[in-house]
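Now, the feature entries from TrEMBL:
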- 152-273: domain 'MI' (DOMAIN)
- 316-437: domain 'MI' (DOMAIN)
- 452-573: domain 'MI' (DOMAIN)
- 616-730: domain 'MI' (DOMAIN)
- 32-69: region 'Disordered' (REGION)
Amino acid sequence: MASSEGFLTKGQREMMKIAAENAEVMSSVSLATSPKFPGPKSPGQNSSLLTEHHHHHIKAPGGQSAAHGGVAVRHVRRTHSGKLGRVKKVHLVLRTSFNFKLKIDGAGGKGTWGKLLDTDGESFIDHNDPNYDSGEEPYDLVGATVSDPLDEYKKAVVSLIEEYFSTGDVEVAVSDLRELGSSEYHPYFVKRLVSIAMDRHNKEKEMASVLLSALYADVINPAQISRGFFMLLESADDLAVDILDAVDVLALFVARGVVDDILPPAFITRARKMLPETSKGFEVLQTAEKSYLSAPHHAELVERRWGGSTHLTVDEVKKKISDILREYVESGDTSEACTCIRQLGVSFFHHEVVKRALVLAMEIQTAEPLIHKLLKEAADEGLISSSQMVKGFGRLAESLDDLALDIPSAKKKFESLVPRAISEGWLDATFVKSSHENNGEKVDKNDEKLRRYKEEAVSIIHEYFLSDDIPELIQSLEDLQMPEYNPIFLKRLITLAMDRKNREKEMASVLLSALHIEIFSTDDMVNGFVLLLESAEDTALDILDASNELAFFLARAVIDDVLAPLNLEEIGNMLPPNCSSGSETLRMARSLIAARHAGERILRCWGGGTGWAVEDAKDKIQKLLEEYESGGVVGEACQCIRDLGMPFFNHEVVKKALVMAMEKKNDRMLELLQVCFTEGLITINQMTKGFNRIKDGLDDLALDIPNAKDKLKFYVEHGKERGWLLPSFG
C-alpha cells in the first residue's frame, strides 16, 4: 500500500519519522496556544485534544481511509459555527541535527493533522485537480553547509601560527597575515596567537611576543592589539581550566606588551574598570602591574623572562657579525661565511654586515680583496639584498668624517670602491644619487666650517664620555664660538650615546641639563630634537631600537626641565608631514611621560645620576639638609645642591625639605627653598613635583605627623604667594 511517504527513500523515512514526532509536539502546542485558534474552552478540553491526538490516527471523513481516485482527498472539519470550512495548510520547517532543512507540507487545518502525518491513508497528487496546489508537491531533502567567515579565518590563522612556531620566520608570518586579509578579525589573531603560545614552551612565548611587536601598527593597528588582549582577559577563566599557570603567563604577556610599547600603559587601568573584580582577568592585571611592571629594572626582567631565545640584542648581533667577518678574513671560506650570515636570521640588519665588512677592509689592507669577494658573492646569491647593500654603503658614507679620525685614507678608499662595486654589479647605481643627501641636517656638505665643527664636536663628546667632566666640555664648546650649531651638537651627542651603554646615555641626559642651564637655549634644544626625529628612520638602520631610545631621551628631557611639555607639541608641528617614524617616536615619548610614576621610572631607565645610584643621591640630599637645619649657611646649602649636578632631581630636595619642616616645626627650610627659587636653582616644575610627591604620600606621612595635612595646606598657600607654585596647583 502506497503511503504519503512513498516518495522518500528508506534513510529519509527514518529521518522523517523523527521529524514527525517532533512536529506533533510542536504543532499541538502551537495550535493550542494560537490566538486565532478557537480552541478548547478549558484546560480539560485542551488536555483531551492532546490526548486524542496522541492515541488516535486522524482519518478521512466517515471514518474511512483515504480513497483511491483521481483527486487528492482533503480533510475537512466543522467550524464552531457549524459550517463546513476548508482547512488551511500547515507548513512546518524543521532543522535537523544533520544541518538539513526539512519542510513538511500538510493538508491539516486548525486542530487537524493531515498529509504526511497521516499514516493510515493513501493519496497521490493529481495535477489536473481543480484544487491542485503546487505547495503539496513533495520536497527533497537538501544538504546545505553553512560557513562562517570568522570560523574560516580562525582555521587559517591557526595554520599560520603553527607554521611560524615551526620556522621562526617573522617576515613570512607578517606577509602571510597581510595576504590573508580580513583585517577586521585581527583581534582574534592576537587572542589565538597568545592563547596557543601560553600552552607551549618559553621559546614559543618569546616568539609570540616578537611577532606581535613586528605586526604592531604595520599590519595590526594599536586598537586591535588592545582589543585582542582584552578578549584574552575576558577568557582568562576558561584558559585557567586548561593551563594551570594561566594567570601568571597572561600577566607576563600583558607586561611584555607594555614594555614593548604595543600596549599603552593606560591599558591596564582601562581594562580593570571593565572586568569583574572576582574574575581571573582582573587578577591577571593586578599580577602584571604589581609583580612585573612595578619591579626595579622591570623592562629588562620582563624581556628576559622567557630567555629572549628568538632574538638577540643589538650589541649581540653586532658582536656576532664582527666575529663572523674576522673568522672569514682568517679562513677565506666564503661559503661558510655566507652560511653563518644566513643563520643569524636578521636579513633586515644585513646593512650592518655591509658596513662592518667595508670598515674591516679599510682597517686591514690584506683583507680588502676577501671582503669584496664576500660582498659580491652575497649579493649574487641574494643573501644581501640590493636595498640592504645600498643602506650599508650609505651608513658608511655618513660616518666617513668620524672614521677618517682613525683611518686617514678612509674617504679615498671609499671613493674608489663605489664605482668598482657598481661596475661589478653588487651595488646599485642609485646609491650615487642617494649618497648626496645629508641625513636630515639640510646643510651643504661642502661647508668647511660645519665639517670642522662636526669633527670638533665628536672629539669633545668622546672626551666627555671618558672624563665625565662637564665644566671642561662647556669650556670647549664656548671656545669653538659657533653657537649657531648647538642643535647639531645635541644631535651628535644623543646619536653617539644611543649606540653606547647605559652609562653614556645617562651622561648625555645629565649633560643636556647642564648645557640648558649654561649655554643652550630652549630653541637650541627644540631644534636639536627636531633634527634627531627627522633622521630617526636613518638612525634606526644603525641602531635597531633607536626609536625607543630616542623616546626615552625626549621624555627624560621633559622630566629634567630641559623641555617643557608644550615643547613636544612645538617639535611635532615642526616635523615634515612624511616623517612617520619621528611622529611615532614623539607619541611614544608622550606615553612614557603620561604613565603612572613616570618621573621615577624615566629617571631610573639608565641608572640615574652620573654614575650614582638614586639612593646615594637621596642620602646626600638628606645630609646637606640636616647640616643646614642644624645651623648651616643658606649659601653653602645652595652650593651643595648645585654641586650635586642633578637639577632634574631637585624635586627630592623640595620633598625632603618640606618633610623636615613639618617634623621640626620651624620655617627654616622654607627660607632655603625661597633662596633656591630666587636664584633659579629650583624651578617651578621641580617645586610642583616636590609638592605633588608630598601630596601623594600624605596618608602615610600623617601616621607620623598627625597635622601633616594642615601643614601641607599652609605650605601650598605659602608657595603660591611667593610664586613657587602656579595658582592652579591643587
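A Cβ is built for glycine as well, from the same backbone N, Cα and C atoms used for every other residue.
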What is the three-state DSSP composition of the domain 'MI' (316-437), stated as helix, strand and coil residue counts? 99 helix, 0 strand, 23 coil
Could you break down the residues of the domain 'MI' (152-273) into DSSP helix, strand and coil, giving a count for each? 99 helix, 2 strand, 21 coil
Provide the three-state DSSP residue tally for the domain 'MI' (452-573): helix first, then strand, then coil. 103 helix, 0 strand, 19 coil
